[in-house]
Amino acid sequence: MLRLRRYRYFVLTTAIVLFLLYRVSQNSDQWDSLAGSLSKKPLHSYTGGSATDFTTTFDENETIEKIKGPIYDGNGAAGSSNKDADAGAERELNKIKIPELKTTEDPPDDSSGRGSRPPIPPSLDEEKAGGQSKDEADSTDNARPDTTPAPVIDIPDRKINLGNKNGEGTGDGPPEKAPEVAHKTTIHWKKVPEHFPVPTESIIPLPTGKPEKIPTIQHDFKEESAAAREKRLTRLRKVEAEAKRAWAGYKRYAWQHDELSPVSKKFRDPFCGWAATMVDSLDTLWIMGMKEEFEDAVQAVGEIDFTTSPRNEIPVFETTIRYLGGLIAAYDVSGGKVGGYTVLLDKAVELAEILMGVFDTPNRMPVLYYNWKPTFASRPKRASAGSNLAELGSLSMEFTRLAQITKDDRYYDAVARITDALYDWQERGTLLDGIFPDRVDASGCNKTAEAELASQKAAELAGSQEMADSSSGSRIKTPDDKSGTGSSYQGPNHGQGPASGSKQNEPQSGKIGSPLDNRSNTMGGKPIYESSTETSDDGGDISTPKRLSPPSQAKTEGLAECIPQGLTGSHHGWEGYSMGGGQDSTYEYFPKQYLLLGGLEPKYRSMHVKTVEAVKKWLLFRPMVPGDRDILFSAKVQTKGQPETDATTEFEVAHLTCFIGGMFGVGGRIFDRPADVEIAKRLTDGCVWAYESMPIGVMPEGAAAVPCASVADCAWNETVWWRYLDPLADTRDAQLDDYYARQEELKAVRAQEAHKDDLAAEAEERVAAATYGETSTTSKDHIAGSADAGWDSGSGKDDDDDAGDTNTSKLREGSITGRGLPEADEDADEKEEEEGEKDHRIGKRTPPPPPEKNADRARLGSIAAAGGSLSSTERGGSADHQVPLRGDPIVDELERPLSHKEYVQNRIETERIPPGFASVNFRGYILRPEAIESVWYMYRITGDPAWQDKGWRMFEAIVRHTQTEAGHSAIDNVLSPNPSRTDEMESFWLAETLKYFYLLFSEPDVVSLDEWVLNTEAHFFKRPT
């Protein structure tokens, strides 16, 4: 019997579903009928190239031209009405509705309406009116006035023209599937108006005049012997072979991508996807004589579109030194304008124009991660308050050289302002006078002063509000009440800002360094943004602007403007100073920029000299190494501002810092500082030692050395080295003595516990013997006194008396219960524990059955006779409630600590730490060039062939452990005899490392240091003559 009340929901749902299915079937029939008529009568074909896919976004001007031109062939009404064409253009731009096409008459053979299909709609507008009946459609065909618009019905996925355009789908076969609508469109960078432009008259021009006479850098090489030449050329050919291997792998597996993955033979695009390795390697290919490969790369460079990238932020520093520097160097080294490779300069200018947007800030300090998309690039921005020093100060050479080639001072102006800011900061002084901290506040705004001003304004606002409240009384004002004081709040600056009628948020055109108006964090009526990263709808990371936190009115509306300041450190506590990563290339560029400008800008000399003096005072140290090798490294120092007393030093051995030998050597030559050249040799040899000390002959990314207190006296001392390996050496003997003392205590405890075990075992044996072994008595009294029975006809009040003095005679007499084992030697806490459990056991047990009813009596006797034992349940108690007769104390086994000697020897063996190193924390090698860079500089400066031998040993070790079939890979652990390859080959392997090895064994006049200057990516820039 159907219970309607119970199943009413199912019945209702079924009725609805049936109705919907019926409606769907009707619509399907109508659609099939319409689709059949459309497929039977093909539309007029488009003329070549004029077809427009109305689902695709087009350029506005291009789209209008397409729509205004003829669309149909002679059978249609091509361009018969300008009004219709203009309307179509408007609809195309709106991209909302299907455009209306001019109505045409049906051919005579289709007007008869043969078959069951409706007449073919003569236009797309009538196709939209698919809900009309046949009569209505005929009526519309014959009598529709031109002034009456057809009803618009939004029907999705109507792509009836795609088949004709592609030459497919016009027959009676199954309809072609419409292509998916593209959800992503390619966004291109567009030049946007600057918010803080530099007036033409304020642009800093390139220094003019005849270049200064600068001392020569290179050694005066004499003609080499035949044997020396053969040795050099043999090494040179091997370097060339490895370069060709790496290039061939890139060309085959990663062409026009950023990097090759040399193990998996795939590619990576960690930068902007603009073929970093290809652009970075251009000048390497040229000097190695790989002209055919150079031609291929130049042609591919012309295909790079710098106006778009899958990456949302351009890393300005990396893009400048690798791409911009690579293009300019390739143009220079291939002959410049005479060489004929003008596409290289064209692409350099194209990229530079994009990068110029990073300098559009109030103080003209660059944004180092640039949101290039027009939506973000068009917004006002400031430089970061946590800028990386190396990234900030290492843009000068590339833009300067481009300015020299193009004669466009804008490029030089952009970087000259950074130099001026650094120079001013160095003159003002830093916490470690002469050098800069690793993090720089380049925003140009004094946040501390702003906070103080905001606090002051907030206090003034609170006071004025109290006065307003007191003067207006206690009347409560509604939102609509406009009477009385304070009815319309305009902020604490009301009446204090610009004169009435002025544009308060107008861009400060031509005022370089003018602060932003922080009252609303806007500039030119638009919010100011900093860069941040968000997640796109498709799951990818996109960089979007993060609006500066809009301050509350009470807190910051009184902040009239940013309080300007120059460059300063980002941290107000500890600041780090070193020549390593994050700081290195800023200092490297001081002497090189001096060379590039022909010595016409003296600031760079001053900045270099102050830098090297500070480095010598605070950072350089001599490590203690076997053989007393006289070498130097540069440390890392942190200070709060009193380095004489609070400085902490990390005696690092970092691969990135190895560039410093070349910097000291070049600066020592051109500024006539011979002592600096000697320091350069020792710094460079320090990195050579770091290579030679490792088990595989390759230097790690980062380690720490054992320093000497004196540079002059630094004899090897193994005891001191061990002390650095084991900072807790002084405590290890004490720990070992304590261990032995505790071991003695533990032995005594274990002896006592063993004695307890013996007594307990003896007691258990006596219980068993008294119960089952020595008598066959079966009386109730005997059974009642048997082991672990525990029953007493009394109330149990004598338990406490029996617990302590039960003895063997009582056991034999059967007067002891299972609760009264001997406890003469038990610990006090064991007694308390057993007594605490006594009441729990009393009353919980039930008397055993009489002997005559105990079916297991015979089994009990047999177990006892066999010397066995009973389980808790067999003894008549519950396993859960059974309490041990005695609790053994838990004594942890003590682990013997290592002695100082054992600890050190174990660490040396397990970590493979070479003598002289205190630690090796970053054990990988990623094909870095800095060490061989300084070796090359030392060879070219001194002419000593010993540097060639040192470099060759480095080359053989690197290739031995990094070579793959498709190239060369970074490795994970230089302390391992068989390091793993990490499947990464960064672009600087070809651009720098192999280039420096090649130049080490080339003729000395190949890229002479007296004619060329190299940027931090080893790209050659022509020096002025």
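The backbone N, Cα and C atoms fix where each Cβ goes, and this holds for glycine too.
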Per TrEMBL, cysteine bonded by disulfide to C687 (from C562, C658, C714): C658
In sequence order, which residues at least six apart in the same chain have a CB under 8 Å from the CB of E930 (active site)? H655, L656, T657, C658, F659, C687
Rank aside, I only need the closest one: which of the recorded positions E318, E701, T1016 has its C-alpha nearest to that of D584 (active site)? T1016
Integer Å distance between the CA atoms belonging to E701 (active site, proton donor) and T1016 (Ca(2+) binding site): 18
Fewest Cβ neighbours within 10 Å, where candidates are the active-site residues E318, D584: E318
For E701 (active site, proton donor), which residues of its chain lie six or more apart in sequence with Cβ-Cβ distance below 8 Å? A654, H655, F922, R923, G924, Y925, I926, R928
Just to verify: the residue among C658, C687, T1016 with the fewest other Cβ atoms within 10 Å, which of the recorded positions is it? T1016
